[in-house]
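Participant: Quick one: this structure, given as structure tokens, is what I'll be asking you about.
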């Protein structure tokens with residue numbers, strides 16, 4: 001599943017093809033994604049608009065224009081590619097946005113868990129049900145050790161599950177949670193309410209560093225993710241623990257272990273990450 005670094009990589013990739021350009025048409029070959037695509041609404045409200053900004057909130061891409069905002073979510077296996085106009089579609093190429101200047105932005109989504117939603121200008125974007133309850137952005141200064149510490153008091157769930165809660169902080173998916181906890185030296189199964197302020201400060205720094213490093217390397221390609229230029233992400237080469245059960249810890253040489261928390265695989269070093 002594309003996580004925050006992959007979505008931010010996509011945003012940066014498609015931005016030059018969209019911002020300041022007029023959208024000349026939309027071609028929907030398969031409207032049945034996570035929710036039905038509002039084809040007639042897009043043809044009426046979006047076509048002819050100039051895209052003013054391509055933003056990101058959590059894992060949602062927001063194409064802002066005078067009449068509203070197009071919200072795009074990549075789902076489990078989606079990607080956006082920039083292709084020349086009239087490029088024949090491949091299997092699972094469900095939507096084309098045709099831009100002035102001879103380029104298209106194409107949505108490829110094999111599993112069809114992605115979403116294309118129109119938010120009219122008359123509806124406050126931040127109040128949309130998909131956006132209203134999201135926590136702070138992990139790279140923003142509002143995400144810090146004190147914030148994580150205060151929100152965790154009295155909570156018994158595993159600290160890994162705590163930082164993956166999108167109402168606590170957005171965009172810390174399974175891969176990046178494992179990697180950030182490793183960098184901070186915190187056991188993933190430790191109760192969130194028992195982690196001290198100093199360790200949460202280290203964890204907040206680790207979250208920012210892991211996500212920042214991944215964005216700089218174009219995200220993490222394990223299976224489905226391909227950037228807007230057709231290239232994979234390379235952060236997979238920098239993973240310390242995720243997917244490395246049975247291998248040596250890069251810090252101390254102890255065998256990396258795997259456990260399931262909240263129905264997700266977690267990877268950690270039992271020596272470096274003690275409760």
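Glycine is no exception: its Cβ is also placed from the backbone N, Cα and C atoms.
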Participant: Among 111, 141, 183, which residue shares the DNA site with 92, 155 according to Swiss-Prot?
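Facilitator: The candidate from 111, 141, 183 that Swiss-Prot ties to DNA along with 92, 155 is 111.
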Participant: Name the residue range among 205-239, 240-274 that Swiss-Prot annotates as zinc finger.
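Facilitator: Within the set 205-239, 240-274, Swiss-Prot attaches zinc finger to 240-274.
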Participant: Using the residues the record lists for DNA (92, 111, 155), what whole-number Å value is the largest Cα to Cα distance?
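Facilitator: Roughly 42 Å, rounded to the nearest whole number.
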Participant: In whole Å, how far is residue 92 (DNA binding site) from residue 2 (active site, schiff-base intermediate with DNA) when you measure between their Cα atoms?
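Facilitator: If we compare the Cα positions of residue 2 (active site, schiff-base intermediate with DNA) and residue 92 (DNA binding site), the gap is 17 Å.
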Participant: For residue 59 (active site, proton donor), find which of the recorded positions 3, 92, 111, 155, 264 come within 10 Å, Cα to Cα.
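Facilitator: Within 10 Å of residue 59 (active site, proton donor): 3.
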Participant: Spatially, and counting Cα to Cα, which of the binding-site residues is closest to residue 3 (active site, proton donor)? Options: 92, 111, 155.
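Facilitator: Checking each of 92, 111, 155 against residue 3 (active site, proton donor), the shortest Cα distance is to 111.
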